[in-house]
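Peer 1: Dumping the structure here so I can ask a few things about it.
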Amino acid sequence: MKRPKLKKASKRMTCHKRYKIQKKVREHHRKLRKEAKKRGRKKPRKDPGVPNSAPFKEALLREAELRKQRLEELKQQQKLDRQKEQDKKRRLETDPAVELSNMESMKEEFGHCKAKKAKSSKQNPKRLYCQELKKVIEASDVVLEVLDARDPLGCRCPQVEEAIVKGGQKKLVLVLNKSDLVPKENLENWLSYLTKELPTVVFKASTNLKDKGKRIKVKKKAAPFKSEVCVGKEGLWKLLRGFQETYGKAIHVGVIGFPNVGKSSIINSLKQERICNVGVSMGLTRYMQVVPLDKQITIIDSPSFIVSPLNSAIALALRSPASIEVVKPVEAASAILSHADARQVVLKFTVPDFKNSLEFFTSFAQRRGLHQKGGSPNVEGAAKLLWSEWTGASLGYFCHPPTSWTLPHFNESIVTDMKWGFNLEELEKNNAHSIQAIRGPRLASSILFQSSGLTNGVIEEKDIPEELPKQKERKQEEGGDYEDVNTDQECVDEEGDEKSSDMSPAEEACETLPEDSQSDKQSAPSFILDKMTEEEDDAYDFSTDYV
């Protein structure tokens with residue numbers, strides 16, 4: 001049995017060991033001082049205070065004292081709030097009946113707020129899109145319908161074109177954007193086909209623009225076919241400028257089209273700065289936006305067309321922003337794949353020959369490294385990837401123009417009227433120059449695509465179908481938690497901003513015109529003038545806050 005210790009062990013040590021420890025400590029401190037000397041150790045500077053020669057010294061000291069008092073009061077208030085919350089928790093733990101009474105009072109308090117929110121969110125966002133689109137068409141003297149050069153016919157909406165024709169003295173111009181993604185031969189064929197009906201401009205928007213206020217600078221050594229260089233801007237400028245001189249007063253130009261055709265990118269390219277929001281995802285522009293190009297020309301950005309659900313599966317997959325959510329990804333991508341040339345798809349994506357779409361998605365997923373748990377290929381992920389690449393701005397494919405096509409809302413008199421006021425000879429020269437400047441893909445390396453024809457759209461609010469019950473349940477499940485968390489803040493915002501809620505979303509989204517464009521206000525619509533005057537009054541406040 002081990003003998004218990006009666007006292008603690010002694011801490012005495014030999015002098016040799018003690019001196020050795022002291023020496024090590026001295027060496028360590030010397031090393032630290034040496035490193036600090038190399039780093040250039042800086043002592044914390046003492047606040048010298050306000051010098052006696054400084055002007056308004058007493059006022060500065062008073063402000064500093066008041067600021068210090070406010071901070072102390074804020075700390076005290078936060079401390080009291082924390083104590084109250086702790087007391088409340090203790091009371092709830094001891095007496096559960098208090099919790100029930102508090103819950104009932106909260107329900108009564110926020111019941112009115114939830115009712116208000118239900119009314120505001122009851123309106124379908126598609127209806128708002130229709131309202132904004134109508135306002136853009138009504139306010140415009142010239143309407144630019146942007147078409148994707150890979151499928152121009154599928155990007156035309158007969159309902160919107162008919163509404164513009166019936167609108168009176170409005171001009172409709174077609175803009176072939178993304179023209180660098182199709183072969184030159186195909187682009188020339190489409191240009192000769194479309195110019196028989198309406199004035200058509202070949203365009204390639206710039207993809208590398210800086211934010212608002214920072215102008216883009218193109219280097220002299222840069223080649224004209226680089227992605228950051230805009231092609232067709234001079235031709236469109238001259239066309240609009242010539243019409244404005246013929247028209248005799250300032251004009252408003254509306255830009256319309258289906259999702260992801262490049263409406264906002266065209267405006268940014270004309271302005272040479274990133275004013276409108278652009279991105280890969282569809283339907284980023286939700287409200288109309290007024291952008292002044294100069295004193296005589298003002299351009300208006302608009303939300304995209306609403307696709308009719310009666311269209312074919314391929315039209316819904318390519319032109320509807322919500323198609324990948326409503327329709328299954330495999331179904332949407334299969335519809336796209338069925339209209340493409342299978343041999344060219346195999347060469348483009350470097351996959352083996354396939355018999356059906358499922359076999360292609362399996363090979364495509366293995367090629368791109370898309371796997372699920374266990375190593376099986378992710379077919380749904382491959383379908384989404386194909387859909388995103390096909391609707392994006394990088395994949396090159398083309399469609400052949402129809403041999404003969406007649407639109408019911410266009411006749412010879414309307415075509416002549418639409419071309420009046422434009423210098424078509426100069427436009428033809430500018431288009432030829434733009435086609436030469438663009439370096440498109442070769443015909444053999446592009447994918448031949450079979451167009452589905454005109455895409456029907458919805459411009460009347462009454463024609464918009466109601467949401468399906470499954471879609472409503474999905475939205476409620478996704479947004480339920482978020483609504484509960486932000487209920488308090490929304491109540492405060494709604495009660496404090498009753499006046500601002502009466503303003504339409506379009507008026508809130510309109511940007512102000514500069515002071516040198518005051519002469520344009522006589523020709524501008526009333527709803528734009530109201531917004532212009534309100535924002536001009538607040539221009540000085542925004543500038544001072546930014547500085």
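Placement of Cβ uses the backbone N, Cα and C atoms for every residue, glycine included.
Pulled the feature table from TrEMBL, pasting it below:
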REGION    1-57  region 'Disordered'
COMPBIAS  1-45  compositional bias 'Basic residues'
COMPBIAS  72-94  compositional bias 'Basic and acidic residues'
REGION    72-96  region 'Disordered'
DOMAIN    130-308  domain 'CP-type G'
REGION    458-547  region 'Disordered'
COMPBIAS  459-478  compositional bias 'Basic and acidic residues'
COMPBIAS  479-497  compositional bias 'Acidic residues'
Peer 1: Under an 8 Å Cβ to Cβ limit, what residues of the same chain, 6 or more beyond the ends of the compositional bias 'Basic residues' (1-45), are close to it?
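Peer 2: Answer is none.
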Peer 1: Calculate the per-residue pLDDT averaged over the domain 'CP-type G' (130-308) and state the result as an integer.
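Peer 2: Reported value for the domain 'CP-type G' (130-308) is a mean pLDDT of 83.
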Peer 1: What is the three-state DSSP composition of the compositional bias 'Basic residues' (1-45), stated as helix, strand and coil residue counts?
Peer 2: 25 helix, 0 strand, 20 coil
